[in-house]
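Here's what Swiss-Prot has on this protein:
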{"type": "ACT_SITE", "residues": "H156", "note": "active site, proton donor/acceptor"}
{"type": "ACT_SITE", "residues": "K160", "note": "active site, proton donor"}
{"type": "BINDING", "residues": "G8, A9, A10, G11, R12, M13, D35, G99, T100, T101, A123, A124, N125, F126", "note": "NAD(+) binding site"}
{"type": "BINDING", "residues": "R36", "note": "NADP(+) binding site"}
{"type": "BINDING", "residues": "H157, G166, T167", "note": "(S)-2,3,4,5-tetrahydrodipicolinate binding site"}
Amino acid sequence: MRRIAVVGAAGRMGKNLIEAVQQTGGAAGLTAAVDRPDSTLVGADAGELAGLGRIGVPLSGDLGKVCEEFDVLIDFTHPSVTLKNIEQCRKARRAMVIGTTGFSADEKLLLAEAAKDIPIVFAANFSVGVNLCLKLLDTAARVLGDEVDIEIIEAHHRHKVDAPSGTALRMGEVVAQALGRDLREVAVYGREGQTGARARETIGFATVRAGDVVGDHTVLFAAEGERVEITHKASSRMTFARGAVRAALWLEGKESGLYDMQDVLGLR
C-alpha cells in the first residue's frame with residue numbers, strides 16, 4: 001500500500017484528496033494529514049473532516065512531525081507553503097505531488113533544484129482530460145501554424161486568487177513552444193481601450209471569475225473563414241484529486257527528477 005499524506009487537508013481540495021485516496025481500493029492509504037499549525041481543527045480525524053467517517057488519522061499542524069508516516073506528500077496549497085514543504089520532504093527523502101499554482105519563475109527554479117534529490121510530479125492541472133487537451137493543443141498549433149489568431153479563455157470560481165490560471169498559462173506555453181515563440185514576449189493579458197489591430201504573433205488571455213465555476217478552459221484558433229476551439233470543462237474537483245492520487249501511485253520506484261502529468265499518462 002502506498003502511504004499518502006495530504007497537506008491543506010482541512011480545505012476544499014484537501015478533503016477531495018482525502019476522499020480520492022480512500023477510493024483506491026487499498027492501492028493507497030491516507031497515513032498523514034496536515035494543515036496550518038493555528039487551525040482549530042488540529043487533532044480532528046481527517047476522515048471525519050472529509051465526510052467519510054473516522055479513519056484513525058488525526059490532523060497535524062506540523063509536517064515535520066509526520067514525515068516518517070508517509071511515502072508521498074500531495075500539496076495543493078500556496079507557493080509560500082509549498083516551498084517550505086518541499087524542504088521538509090527533501091530532508092526526509094519523501095516524494096511529492098504538487099498541484100499548487102502561482103509560482104514565480106524563480107520559485108519554479110527552486111522546485112527544479114529540489115527535484116534533483118527527490119521525485120516530484122508538478123503540474124498546473126491533474127485532470128486527465130486537460131492533459132489530453134495539452135497534447136491536442138501541441139498538434140493543433142503545429143498544423144495551423146502562423147495562419148491563425150490564438151486566444152485562451154478561462155473561467156473559475158470567485159475565490160481563485162491567481163489569474164490567469166496555471167492551466168491557462170500552461171496551455172499558452174504549449175502553444176508558444178510548438179510555434180517557436182516565447183510566451184513571455186507574445187502574451188497579452190486582457191485588452192482595454194484603443195488597442196489597435198491585433199498582432200498575429202500574440203497569444204491572448206481572457207479571465208473570468210464568477211460563482212462556483214470549477215474550471216473552464218478554451219483555446220481558440222481563429223482563421224479567415226473558420227475557427228477551431230479546444231475546450232475542457234471540469235464539473236468537480238474530484239477529477240483533479242483523482243489525477244493527483246494517480247500521480248502519487250505512479251511515483252513509486254521512480255528516481256529523483258521533475259515529472260508532470262504528461263509523464264504519468266504516457267503522453268510524451
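Any Cβ shown, glycine's included, is placed from N, Cα and C.
Taking every pair among G8, A9, A10, G11, R12, M13, D35, G99, T100, T101, A123, A124, N125, F126, the residues recorded as binding NAD(+), the greatest CA to CA distance is 22 Å. The recorded positions R12, R36, H156, H157, K160 differ in how many other CB atoms lie within 10 Å of their CB, and the one with the most is H156. Here the binding-site residues are G8, G166; the one with the fewest Cβ atoms within 10 Å of its Cβ is G166. Annotated pair T167 ((S)-2,3,4,5-tetrahydrodipicolinate binding site) and A123 (NAD(+) binding site), C-alpha to C-alpha distance, rounded: 9 Å.
Taking T100 (NAD(+) binding site) as the reference point, none of the recorded positions R36, H156, H157, K160 has a C-alpha atom within 10 Å of its C-alpha. Considering other CB atoms within 10 Å as the measure, the emptiest surroundings among the binding-site residues A10, A123 are those of A10.
Compared over the binding-site residues T100, T167, the count of CB atoms lying within 10 A of a residue's CB peaks at T167. Annotation: no recorded positions among R36, H156, H157, K160 have CA atoms within 10 angstroms of the CA of A123 (NAD(+) binding site).
If you take the CA of A10 (NAD(+) binding site) and look 10 A around it, the recorded positions you hit from R36, H157, K160, G166 are R36. In this structure, T167 ((S)-2,3,4,5-tetrahydrodipicolinate binding site) is part of a helix by DSSP. Here the candidates are the recorded positions R36, H156, H157, K160, G166, and by Cα distance the one nearest G8 (NAD(+) binding site) turns out to be R36.
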